[in-house]
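Some notes on the structure that comes next.
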Amino acid sequence: MKLTDGVLRSFRVAKVFRENSDKINCFDFSPTGETVISSSDDDSIVLYDCQEGKPKRTLYSKKYGVDLIRYTHAANTVVYSSNKIDDTIRYLSLHDNKYIRYFPGHSKRVVALSMSPVDDTFISASLDKTIRLWDLRSPNCQGLMHLQGKPVCSFDPEGLIFAAGVNSEMVKLYDLRSFDKGPFATFKMQYDRTCEWTSLKFSQDGKLILMSTNGGFLRLVDAFKGAVMHTFGGYNNSKAVTLEASFTPDSQFIMIGSEDGKIHVWNCESGMKVAVLDGKHTGPITCLQFNPKFMTFASACSNMAFWLPTIDD
């Protein structure tokens, strides 16, 4: 089944899970698409089975809190940031609920975490205005970049380069093997006083970069030239909430939730809005991602919703 405007318009909520007492701040699909794991402001980690459509387990990180949860490549392991006490990143085995390693270094809250798609490298960005490069096998930071403002960061799909968004006005591209030489490309964007960048994502084909903001718009940027291709708006975000925007796995569409529980979908090429879907969420949709392997996506406020298409194309 191929994703088309019609298929996207046909998506409906198939299941809603009420496992959390506070907002879900992040979730991540496993590379196989078989499970999704969420972190929440209620300090819980919930693992869901996507095929059976049910929660499998709940773990807690009461002391440190949990945010920015990411699967690693090893089965049943995740990394996540703390959102209270300290700013150490933790590497957890879900199998026995034990920490494998800690990654200390950041002196302020971690605001972005990106796992390399190909190996054990990951990068983190913090309000301490640094990006750190790590290897899961060592607690020591493998690389450090001091930046001129609040950063966001992400690996490209090949794991060869990473992008840093700095101070909501600049995108810098680094080669992983020679990042200490500085960025090989810098794209200056129009600065917007009304909001700040909250995340940066590459499309799966590596050609596009999506800049999310805590305002009422998103920017789609050509990953090679740095030109803004489209600015997407027309969704509600009056309270400056961090809303997650995502590409579909075929790199053809972009989706974002809104504060009124609706999901807006645009075509990347034409820039046209193709669908507005009502998730009937009780609060702002803080997290939204398409499954990397199956024709389903998930959205979350304090509830988690699984969506399925209702037509067979």
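All positions are counted from 1 along the displayed chain.
Cβ atoms here come from the backbone N, Cα and C positions, even for glycine.
The feature repeat 'WD 1' is assigned by Swiss-Prot to 19-58. As annotated by Swiss-Prot, repeat 'WD 2' applies to 105-144. Look at Swiss-Prot and you will find 146-184 tagged as repeat 'WD 3'. The repeat 'WD 4' feature in Swiss-Prot is assigned to 192-231. Marked as repeat 'WD 5' by Swiss-Prot: 236-276. Sequence annotations record features per position, and here Swiss-Prot assigns repeat 'WD 6' to 280-313.
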Original post:
Short question: which residues 6 or more past the ends of the repeat 'WD 1' (19-58) have a Cβ under 8 Å from it?
Top reply: 65-71, 73, 78, 80, 83, 92, 94, 283-284, 286-287, 289, 291-294, 296, 298, 300-304, 306
Subject >> Composition by DSSP (helix, strand, coil) of residues within the repeat 'WD 2' (105-144) >> reply: 0 helix, 25 strand, 15 coil
Original post:
By DSSP, how many residues in the repeat 'WD 5' (236-276) are helix, how many strand, and how many coil?
Top reply: 0 helix, 18 strand, 23 coil
**OP:** Summarise the repeat 'WD 4' (192-231) by DSSP state, stating how many residues are helix, strand and coil.
**Re:** 0 helix, 21 strand, 19 coil
